[in-house]
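Feature annotations, courtesy of TrEMBL:
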type     : residues  : note
TRANSMEM : B:12-32   : transmembrane segment
TRANSMEM : B:69-93   : transmembrane segment
TRANSMEM : B:105-125 : transmembrane segment
TRANSMEM : B:145-174 : transmembrane segment
TRANSMEM : B:204-224 : transmembrane segment
TRANSMEM : B:236-266 : transmembrane segment
TRANSMEM : B:278-295 : transmembrane segment
């Protein structure tokens, strides 16, 4: 009996490990109604798929609120004649499988015109085909993995996989090399260790970084991988410590990167950690990011860009509980791209239906406007034509912009 | 060589934490044969409760001196963990005392989900990892050995020390004290123990209290070592500790401690030297667990199955 209980418990524990699952929360934001507009034809929904809980929720909540802001403004301006716009947010918990459920739920609703999201490239991989099946346009504020638009052979033989998919941010094949130029060229680091979280985004970004860093004459001293749920990084720090690196490039996100930076210092490795847009959040510093740590992020700094000021002011005026974070402005632009294209598709008297979806995708492809993050326009693969990137550095406990530019090979 | 030593040290630190949690698993199992899956969550709640003690209870002037703040945080964390554990025992486990064994096991899983979601929903900011202050001497000791360096932090030393002292104190209490004898008697045969004047319910509650207090202290130590707490850690470390308890032999205190240290060291060494590196280090823990269960189902220090009349 005793052994049976232990055996049963072992089995249950194993099953739990395999399927560490959570719950889905559904939130439907109501748009601010302006009775002056004609909204007689009903409500159209813009879906948002982003993490609303878990480690990456700071980024996901910023995406949700900014999309809500864009929809509210559109309702006030009667941007879509005859319809009221609403935002429906689905929590993907930063996992591909939950993201697929969210996409399925949204695509079963005929009133969903388009989707803003996802945050994670790995989630986008599972969401793309589901939305494509229903011809729903998807504009990501934050996916930076290049293969999402240009296929697995993006470097040599780019091929567009999903004509319904667009994104408003620059990709990792620019971001990684941009970081390498800075770290090797400007900061003079020649013996760099690379740590990744093994996910689509982190691995892809680190690989692009490595290519350029080696080209620029740096040595990759060691490589390591951390587990997604790990909180104690002493093991992986031990594996890189022996090679005496002078910097660590981290491919992944801030919930791991912040504690990693702190624990490196504890382990006697007081060297800067550099990462991509996934660690560019204030939470990184709260969780242990130290002075001198670096991050690249897409676009120019939101607070300094003149085109972003209107967005920042409007966001702050709404008194959202959460900050707009790294992707708020991108989410705002992505939502506006969908709304403006929807207005164009329906015209003054159009009625929404599945037959309008192809037109909507075409109109998003041709969309061009000045957004909060600069010019918003898409190339033939659905990538943003805006290739601006910025290096940020932790200075006096805050991220401060250090260098803005484009990667020129 | 220096790397090996460093990883051994890392393993001991992780192992100390696992051992502290595993003690609670093993004691509760020893006395009522229940695998208390909610125990990992009690550890997590202890971490959050000690953080709440620091953030909302302690006056600012007390926070700078660790010898004031840390014990109070440990008391706060342990107290909340103990109260919680007593409530869970009273309302979730006691009604099932005579039910088939699977019923309390599933109940424990349910309690674990409830606790995790409750903290996630009610603790401010707990939907994401919450930063934890390092309320202790923040100092690193670096030793030059074999042409390399081995670094160990003061919080890490504290972790190892507390886990070993905790285990020795517990072992002494159980073998020497009157209540400890009552515990062993209840574990052996609750009915006969009752005939001898032992109150089984009181003894069982005390077992939960001791386990929860240790888990609460483990929560504080985890916080100052890792410098953040997350609602997810209860599950992860709960599984580690459960594995440690099974590896050492459920019911055995010595086994839980040695199992904990073994798992910590296996994890760090396999991350360094085995195929797959740190990405697959968890795999090796379970490989060892399965191997032990195949050849020694009662665990390293467990007693073989007794058939009860």
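Cβ from N, Cα, C; glycine included.
Nobody curates TrEMBL annotations by hand; they come from automatic prediction.
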Positions whose Cβ lies under 8 angstroms from the transmembrane segment (B:204-224), at least six residues beyond its ends: 16-17, 20-21, 23-25, 27-28, 30-32, 36, 39, 42-51, 70, 73-74, 77-82, 84-86, 88-90, 94, 132-136, 155, 158-159, 162-163, 166, 170, 173, 179, 183, 186, 233, 237
Stretch contact, the transmembrane segment (B:236-266) with the transmembrane segment (B:12-32), Cβ-Cβ under 8 Å, 3+ pairs: yes
Selected stretch (most C-beta pairs under 8 A with the transmembrane segment (B:12-32)) from B:69-93, B:105-125, B:145-174: B:145-174
Positions on the same chain near the transmembrane segment (B:145-174), where near means CB under 8 A and six or more residues out: 1-3, 5-6, 9, 12-13, 15-17, 19-20, 23, 27, 134, 136-139, 180, 183-184, 210, 214, 217-218, 221, 224-225, 253-254, 256-257, 260
Residues of the parent chain within Cβ reach of the transmembrane segment (B:69-93), under 8 Å, 6 or more residues beyond its termini: 32, 34, 36, 38, 42-43, 45-47, 49-54, 57-58, 62-63, 104, 107-108, 110-111, 115, 135-136, 204-205, 208-209, 211-213, 215-217, 219-220, 224
Long-range Cβ neighbours of the transmembrane segment (B:105-125) (under 8 Å; 6 or more residues past either end): 34-38, 40-42, 44-45, 48, 52, 84, 88, 92-93, 96, 231-232, 234-235, 238
